[in-house]
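K.L.:
For reference, the structure I am asking about is given below.
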Amino acid sequence: MSEPGSQQSASCTERVKAYVRTRKGTVLAVEIACCLIVLICYAASRTPGYLGVAITELIFSTVFFFLFALSYDQQISFIHWGWTDFLRAALGAGFFIILCIICLIRGGDGAGIAGSVIGLLTGILFAYDAFITFPKLRRTHAPAATESPDNI
């Protein structure tokens, strides 16, 4: 997610460049690149029916990248962006891993197998993204007070 103390006066490209240097920004940028590679591999194969997951995750990752880079997650407060990002990453990991295992079992041409292998690595990357997002969700939860208001 975006850093709370980011400068509001920086230009759009400066904010994106600064966000790519963070760990979350780097992970999202690599997710976008891997989804694009998987998309190209599946489009070049004889079975282009597996493009849906790559296209969907490419769009979601791109939207979240720019949303966090430009700090729109802090301006739009009625959505819990931490849980939304965690669900995006966890579902992306599950979908990529299941789809790529099915594609590898079925076999096919070289482009489909290459897309499946890169897709498995992309699924692991999405799982890592969910893994680094989850502790931030637990940290934002404030514990309830255990003392009574009357100090009894």
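For all residues, glycine too, the Cβ spot is worked out from N, Cα and C.
Pulled the feature table from TrEMBL, pasting it below:
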DOMAIN    19-138  domain 'MARVEL'
TRANSMEM  25-45  transmembrane segment
TRANSMEM  51-73  transmembrane segment
TRANSMEM  85-107  transmembrane segment
TRANSMEM  113-131  transmembrane segment
K.L.:
Taking every residue in the domain 'MARVEL' (19-138), what is their average pLDDT?
P.N.:
91
K.L.:
DSSP on the domain 'MARVEL' (19-138): how many residues come out helix, how many strand, how many coil?
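P.N.:
Final tally across the stretch: 105 helix, 0 strand, 15 coil.
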